Amino acid sequence: MVENPFCKLKVLCQGYWQEQDLELGTLAPLDEAISSTVWSSPDMLASQDSQPWTSDETVVAGGTVVLKCQVKDHEDSSLQWSNPAQQTLYFGEKRALRDNRIQLVRSTPHELSISISNVALADEGEYTCSIFTMPVRTAKSLVTVLGVPQKPTISGYKSSLREKETTTLKCQSSGSKPAAQLTWRKGDQELHGELTQVQEDPNGKTFTVSSSVTFQVTREDDGADIICSVNHESLKGADRSTAQRIEVLYTPTAEIRPDPPKPREGQKLLLHCEGRGNPVPQQYLWEKEGSEPPLKMTQESALIFPFLNKSDSGTYGCTATSNMGSYKAYYILNVHDPSPVPSSSSTYHAIIGGIVAFIVFLLLILLIFLGHYLIRHKGTYLTHEAKGSDDAPDADTAIINAEGGQSGGDDKKEYFI
């Protein structure tokens, strides 16, 4: 019998541990031997507190997953993690498998947590956490690896489409696990495509999905983006789509725009024929009802009237032509009477007259203020009455006591200021 230094069961392992198996990473035979042993001693019955627990994990391929195993009563035993192939990854804090992607996160008597980085699809499976009590107790953790779908591709588009033509586009994406779903839209408008078809990839783990959509194009679809999007939980809401811009060829349209908008007699007028289409119209032909076509006073797509006359009134037509067809637009021209235009001399005289009127107005205001002042200050009168008259008891005495009497007009003087 050989005692297992890593078993920590405080008992001899009954020869199940062989000397040649003492290397790390070869504990699986011991697990199987101990789990198959019938323990009859009541002292060796483990309680529920020594049952480890863990949780299932989902990780995106290329990401990192953390496996956490916990136990309440460790009974002086260590926790161990094994992969789906029953290879021991960690026994306590001791690394058992030489894989640098697997690292120790936390190791205590009650917890053993490890991380696996750069997870691959091959890492998917059931991982086992074990504690070597009597009997050995285990907990399973199912690791699900999500395959990330590739960016979808769109096929089936020709160089250009004609108006009202029906086309079919196909979208495909590989590498998803589980199978992804494909959706279609035209700009912000949803397109109802066929149900997503699923095919297993050669690796036996991921899937290729495909879908097609058929629709009839209109002139409004010229320059529109047909978008195929892949929906999958591994994307976590991120957009993964491909857009195919389509070109639609359609017959032209035209509209006549006058410049100026309200033409008057004597003015210069341009009638612009604005053509639209794909391709854009390259040829424009002007006509007037009642006249022999074509009209020669043209500049590119515009019809020119150097000097409008009343006789120019009438209905005009513009035919815009491309290799997709022709379109004729009409415009009714009504020449209005000329508007009176003030001459430069009359404008000058009006300005001078305004200035003179303003000056006269200021002078009148000044005269009014001056007259008002003179009226309020007409003069001050100063008279020299006979002295002593204030003390006379009556008028006669006052006259007698007056100095010099009232001999003449020189005794009273008047001053004007």
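Keep in mind that glycine also has a Cβ here, set from the backbone N, Cα and C atoms.
Of all ranges given (194-225, 258-289, 386-417), TrEMBL attaches the label region 'Disordered' to 386-417. Secondary structure of the domain 'Ig-like' (42-131), assigned with DSSP and counted as helix (H, G, I), strand (E, B) and coil, comes to 9 helix, 41 strand, 40 coil. Mapped onto DSSP classes, the domain 'Ig-like' (252-334) shows 3 helix, 49 strand, 31 coil.
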